[in-house]
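According to TrEMBL:
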- 30-205: domain 'CP-type G' (DOMAIN)
- ASN78, LYS79, VAL80, ASP81, ASN149, VAL150, GLY151, LYS152, SER153, SER154, GLY201: GTP binding site (BINDING)
Amino acid sequence: MCIKHAPSNLRKSFQNVEKDLFKWFPGHMGKGLKQMQTKLRTVDCIIEVHDARIPLSGRNTDFKYKVSGIKPHILVMNKVDQIDPKFIPPITKKLQNECSNVVFTNCKNQKCKGVRSIFPLMQKLIDESNRYNRANEEDCCVMIIGIPNVGKSSLINALRNKFLRKGNAAPVGPVPGITRSVMNKIKICDKPLIYMLDTPGILTPNINDAETGLKLALCATIQDHFVGEDIIADYLLYWLNKQGVYSYKEVFQLQEHTDNILEVLTKICANKNKMLKIKDATNNSYVLKPNFVEAAAYMIQSFRNGSLGRLMLDEDIIEQK
Ligand SMILES: Nc1nc2c(ncn2[C@@H]2O[C@H](COP(=O)(O)OP(=O)(O)OP(=O)(O)O)[C@@H](O)[C@H]2O)c(=O)[nH]1
């Protein structure tokens, strides 16, 4: 079931998101894409990072045609710590048509096998390629691409920590848009000499349905205020109920599961003291009102920090034959 079949009030607000997202492609992203294309000649391999919670939704199709092209290509599904491991084989199978080099990583774990496996895979692919215009260069250069906030900089830092034993060189943050332009080369390894290029997160210019836009927002690849915390939280509740995931009942201390977002937000406001102090002009006193925006932000955060479980939002697409 997709959101075409959602209750009509939900469908309406979700469809407004679709209209807004169609128009949205910030200037720095267009500039970043051009910068990436001009640097293409100087790289030997492309690593595309994506969020394992949305393995099939929201990948930028422009990358395939305008960036990765003929260069060796590794597809990294990052934040694997946030999904149920049972999804790894079906995701891999589903992605195999597009890329035979799919690696799952958790960049927050120094010991992650996926992170370690990137290095030999990358070297093998570069050795097997004819390196085009770079055959005489001593160093190897790898460009990291992907939509915002999927962990591109974290991956560079994890590889650098592992193979060069040096501290972080690429800025990391919980909100999208931390890296704003194609950065200088970052050294990852001395022997062999390997550099990486961090790039700004670039969303696909065509988010072609509201549900994809809402999944992207839930995974923090689009800033919350752009879609609206209330709408993102409403979609989350819709998705949880649709999948029969009722962990939220316990997390938000509800008696029963519900499809009424106001009921959930009101409960969060009461339990987490998310209240607004509003001046009552008639008798010059203050009244407390529920702060639904903060409650919605709390609810979204509960998904992002894993309190609601290890959830993979493309579950129904993966299940389709
Ligand atoms: N749970 C989890 N969080 C991660 C992982 N990798 C990165 N993060 C977090 O995801 C957020 C985004 O990480 P960044 O490395 O800044 O992502 P980016 O793709 O470079 O972001 P932009 O510069 O906005 O394009 C940060 O809060 C990281 O701590 C991971 O494997 N697991």
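Each residue, glycine too, has its Cβ placed from N, Cα and C.
Within the same chain, residues at least 6 positions away in sequence whose Cβ sits under 8 Å from that of GLY151 (GTP binding site) are VAL49, ASP51, ASN78, LYS79, THR105, CYS107.
Confidence annotation: the domain 'CP-type G' (30-205) carries a mean pLDDT of 87 in the model. All protein chains shown were included, and the count of other CB atoms within 10 Å of the CB of GLY201 (GTP binding site) stands at 25. Classification of ASN78 (GTP binding site) by DSSP places it within a strand. For ASN149 (GTP binding site), the Cβ neighbour count at a 10 Å cut-off comes to 25, with all displayed protein chains included. DSSP gives ASN149 (GTP binding site) a coil state; it is part of no helix or strand.
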